[in-house]
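So that you can see what the record holds, here are the features copied from TrEMBL:
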type	residues	note
REPEAT	79-112	repeat 'TPR'
REPEAT	116-149	repeat 'TPR'
REPEAT	158-191	repeat 'TPR'
REPEAT	200-233	repeat 'TPR'
REPEAT	242-275	repeat 'TPR'
REPEAT	284-317	repeat 'TPR'
REPEAT	326-359	repeat 'TPR'
REPEAT	368-401	repeat 'TPR'
REPEAT	410-443	repeat 'TPR'
Amino acid sequence: MKVDPSQSTSPFASIADISKFQGEEEVLFSMHSVFRIQDIKQMGENSRLYEVSLTLTADNDPELSELTDYIRKESSSDEEGWFRLGTVLFKMGQFDKAEDIYQVLLDQTKDNKDKADIYHQLGSIKDDQGKYQEALAFYEKSLTIKQKTLPPNHPSLATSYNDIGLVQNNMGNYPESLSSHEKALEIKQQSLPPNHPDLATSYNNIGLVNHNMGNYLKALSSHEKALEIRQQSLPPHHPHLATTYNNIGLVNDRMGNYPKALSSHEKALEIRQQSLPPHHPDLAMSYNNIGSMHRNMGNYPKALSSHEKSLEIKQQSLPPNHPHLAYSYNNIGNVHYDMSNYPESLSSHEKALEIKQQSLPPNHPDLAYSYINIGEVHYSMSNYLKALSSYEKALEIQHQSLPSNHPDLAYSYNNIGEAYDSMGNYSEARTFYERAVQIAQQSLPLNHPNLQKWRNNLERLKNK
């Protein structure tokens with residue numbers, strides 16, 4: 001802990017001489033003292049304890065003042081004390097405590113507006129906990145009340161459509177999600193100033209859905225509109241800016257622009273470290289995405305370290321069967337695969353699949369990704385029949401959940417082609433390679449590394 005009296009006038013005093021345990025060298029700080037986190041270090045290689053370096057902030061710290069003033073306004077505009085406390089707890093990731101408060105308020109109120117607001121907040125909690133059906137039910141209860149009591153272009157209706165769209169996206173219902181977000185944007189454009197932060201939210205979420213549908217250029221355009229608005233309307237360390245950088249990084253990743261993606265994810269992590277608690281799920285997301293970029297660039301030890309940091313945070317902040325835990329196991333499995341640690345890789349991917357089967361709909365695209373990863377491990381271990389079986393399960397799910405020209409379909413067609421190729425069934429292999437190239441040419445940049453790889457597979461087979 002570092003205190004510079006020339007930078008801060010917050011009262012503090014050593015109480016070592018009067019403490020019951022003088023060896024602890026305790027220091028007493030004034031109530032409401034605020035510290036900036038400078039560094040977090042693990043205290044041992046296998047320890048779950050961390051040493052946190054803190055610096056007492058100045059009373060007039062401009063960045064801290066700007067951020068706290070904004071959060072205070074954002075969380076207290078029309079809210080009473082207990083509802084406001086629930087909002088703050090929710091934003092800090094303390095979902096169970098926030099839910100307890102909202103349930104008490106719901107039991108006590110008879111006002112329709114209050115009920116709509118509480119149902120909406122409960123939906124947000126369930127969404128962040130990965131309980132998507134429950135979240136959708138709460139959001140729809142809130143929307144029904146609002147439609148009966150508010151004008152058709154009221155901003156609160158846009159909020160409901162926005163969050164319903166988020167849940168539909170999480171459930172893999174991409175066309176319905178896009179429709180909901182477009183309804184939200186239309187209402188906001190009619191009722192809000194052009195640089196209002198809520199417009200950025202809609203552009204951000206439309207970008208997310210286009211990303212999931214494989215429309216990467218549309219997704220990048222939407223996220224860049226969101227970033228432009230947020231840079232004009234939010235403090236420099238607001239968590240929503242981190243979200244936008246994160247999503248721009250994800251799109252650049254899918255387009256093969258890995259250095260740009262890594263830069264965006266590092267900007268997101270820097271903001272989140274300054275604005276969120278140390279075990280907030282969004283920090284885990286940033287570590288996860290940085291790990292993925294290091295993996296794509298061949299920096300496997302850095303990738304494994306980042307993914308393990310992500311998993312550790314998630315285990316402390318999320319329910320045991322939350323889909324985001326599966327994503328960490330998946331990514332750890334991918335890095336072990338790249339390092340040729342096949343048994344460890346298979347174990348991680350099977351853990352990921354088990355969680356997804358318990359928490360996602362049976363045709364969700366993320367189940368397909370787990371089958372693909374399990375198939376790739378079996379393929380590398382020369383278990384070609386097991387690999388083919390996993391690849392075919394993945395393709396079956398993708399046909400039911402993705403557009404016909406989605407690049408992930410091309411990935412599965414190529415994988416099946418490679419399995420047939422390795423088993424000596426060259427006719428079947430050529431059919432699947434050709435289909436992979438055909439789809440990829442419609443959905444990926446011409447210089448994308450996957451498209452080049454799949455073309456090479458086809459040409460190699462033709463020359464046999």
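Placed from the backbone N, Cα and C atoms, the Cβ positions cover glycine too.
TrEMBL: automatically predicted annotations, no manual curation.
242-275 is the stretch from 158-191, 200-233, 242-275 with the greatest number of Cβ pairs below 8 Å to the repeat 'TPR' (284-317). Here the repeat 'TPR' (326-359) returns a mean pLDDT of 96 for the predicted model. With helix defined as DSSP H, G or I and strand as E or B, the repeat 'TPR' (284-317) counts 31 helix, 0 strand, 3 coil.
The listed stretches are 158-191, 326-359, 368-401, 410-443; of these, 158-191 has the most Cβ pairs under 8 Å to the repeat 'TPR' (200-233). Most Cβ pairs under 8 Å with the repeat 'TPR' (326-359) belong to 368-401, among the candidate stretches 79-112, 158-191, 242-275, 368-401. Sequence-distant contacts of the repeat 'TPR' (79-112) (same chain, six or more residues past either end, CB-CB distance under 8 Å): 71, 118-119, 121-122, 124-125, 128-129, 145, 148-149, 276-277, 279-281, 317. Secondary structure counts, DSSP: the repeat 'TPR' (200-233) has 31 helix, 0 strand, 3 coil.
Beyond the repeat 'TPR' (158-191), the same-chain residues lying 6 or more positions past its ends with a Cβ under 8 Å from any Cβ of the stretch are 120, 123-124, 127, 130, 132-133, 135-136, 139-140, 142-143, 146, 152, 198-199, 201-203, 205-206, 208-210, 212-213, 360-361, 363-366, 401.
Helix, strand and coil counts from DSSP across the repeat 'TPR' (158-191) read 31 helix, 0 strand, 3 coil.
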